[in-house]
Amino acid sequence: MKAAVLTLAMLFLTGSQARHFWQQDEPPQSPWDRVKDLATVYVDSVKESGKDYVSQFESSMLGKQLNLKLLDNWDSLTSTVNKLREQLGPVTQEFWENLEKETEVLRQEMSKDLEEVKAQVQPYLDDFEKKWEEEMKLYSQKLEPLRTELQEGALQKLQDLQEKLSSLGEQVRDRARVHVDTLRTQLAPYSDKLRQRLATRLEALKESGGASLAEYHAKASEHLSTLGEKAKPLLEDLRQGLLPVLESFKASFLSALEEYTKLSSQ
């Protein structure tokens, strides 16, 4: 119940983007961890699905006639891509770590603001939770006579039960809507306050003579440029690794095409 209430408050206050702030038992992932996980899942998915397509093609009549041996080349390509991913890992991680260091002060200030607002709205959340539990208890009490009547066979038609349940459900929905609207009204000032604080933080960054947003942008661009320079030799290694695969494919295809032409002319 507490998790549901906190999640609801989070939607009112800051949106789903700040949900990790309330998850005390699961520390948020760093940007690098999220990118790495997504990239790994994507690459593995493409690799497996691509290999399936290649296998299906080689098993077809046309694939057998061409005899391109794509699976052999596929394993070589996979090895090359995996090597590139391993080499790029430290470089990309360094980029994210540098960017996190540059924005550390801003993130700390925003965390303080969130903690303060969380403490201020906690009484409203507790009150909402209490009222919600009371509504669920009342709903359960109203359901008990229906359950008893059903067990005793007093309800001859299922339609009667459905009508009574529908009426109870509408009552609970209407009462819950009142509580939610009340909570939204109570939290609205704090939501506005949090947005204003964020705007103030960003404005201060613009006007400060130190770490301004322009500097953040410049530093991020510098880190990206460094990342690109470090990735160039690795991408060149990938290109060189692909050349034998492409040449093998080209030779196999031309050989198969020549063989097919000879058979067609006979």
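Quick reminder: no glycine exception, Cβ is built from N, Cα and C everywhere.
Feature list (source: Swiss-Prot):
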- Met110: methionine sulfoxide (MOD_RES)
- Met136: methionine sulfoxide (MOD_RES)
- 68-266: region '10 X approximate tandem repeats' (REGION)
- 68-89: repeat '1' (REPEAT)
- 90-111: repeat '2' (REPEAT)
- 112-122: repeat '3' (REPEAT)
- 123-144: repeat '4' (REPEAT)
- 145-166: repeat '5' (REPEAT)
- 167-188: repeat '6' (REPEAT)
- 189-210: repeat '7' (REPEAT)
- 211-232: repeat '8' (REPEAT)
- 233-243: repeat '9' (REPEAT)
- 244-266: repeat '10' (REPEAT)
- 1-18: signal peptide (SIGNAL)
Over the span of the repeat '4' (123-144), count residues by DSSP class, listing helix, strand and coil in order.
22 helix, 0 strand, 0 coil
As a test of reading the model: what is the averaged pLDDT for the repeat '9' (233-243)?
66
